[in-house]
Amino acid sequence: MEQLVNELIEANVGRVLVDEPLARYTTMKIGGPADILIVPKHVAGIEKTLQLVKKYKTKWTVIGRGSNLLVSDLGIEGVVIRLGEGLDHLEVEKHRVRVGGGYPLIKLSTLLSRQGLAGLEFASGIPGSVGGAVYMNAGAHKSDISNILSKALILFEDGTIDWLTHEEMEFSYRTSVLQTKRPGIVLEAEFQLQIGEREGIVSVMQKNKDYRRETQPWNHPCAGSVFRNPIPYFAGDLIEKAGLRGYQIGGAQISEMHGNFIINTGGASAQDVLSLIALVKQTIKDKFSVEMHTEVEIIGR
């Protein structure tokens, strides 16, 4: 591991941090250390990192802004690549937008709305990066990334870089081809938006933000929606009907505001959250005969 660290530093891939606690990189403020954390300065840094990872046959994981993650208390084995700096470029040409995978999604939706571009209003309250949003087909307010993405530039596990079209991304509810079938890193996304009326777009954005502020516990560390909606039901409704609102294990609590959110009340461990998730799954299955599946990504040892 020491030799890999030295080569990463010599290759100038970006910041190289050893045994770096990941709690500071997730919105839930939970997570043990990464053996090696890389914050790349540019695409070339990511490519070189993957070359060295392959050379040393080391496991690797990519995270964005940590908004949809639950990281194990034991941390993550191998190399963790955190996207953000160096992948935050933006190019707007009429209604076509090309943006780096590390660009903050809320910042992007706000900026484009002020320019009178419609299509990203749904993302006004979704934390995280563009790359993470494309990876999981993030959505809200009856829309999602699949409605606006035309193509994405992907760095695959074998080091090759290629564009995937909308069809090749194989989007479905909160999923894409990148999650299992063709794992890779979203370096850049191209969106096709619509030219609209600025005041109306900004108004919708503000309405969406207000709704989230009034109904979701963003004043506490959390990872967003924990469970996927088991269509035709809503996960939050089922959890609340089961009487689990406010239920707490350790420092993790099912939010009083919204049943599909688990908040860190202070000092919560990943195990606290996992125990709550298991409780919810079993309770909903027993009471309603409905299988619950997590939307939050659970990673680590």
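The backbone N, Cα and C atoms fix where each Cβ goes, and this holds for glycine too.
Record features, source Swiss-Prot:
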ACT_SITE  Arg174  active site
ACT_SITE  Ser225  active site, proton donor
ACT_SITE  Glu295  active site
DOMAIN    29-196  domain 'FAD-binding PCMH-type'
>> Return the average pLDDT for the domain 'FAD-binding PCMH-type' (29-196) as a whole number.
In response: 91
> Around Glu295 (active site), how many other CB atoms lie within 10 A of its CB?
Replying inline: 20
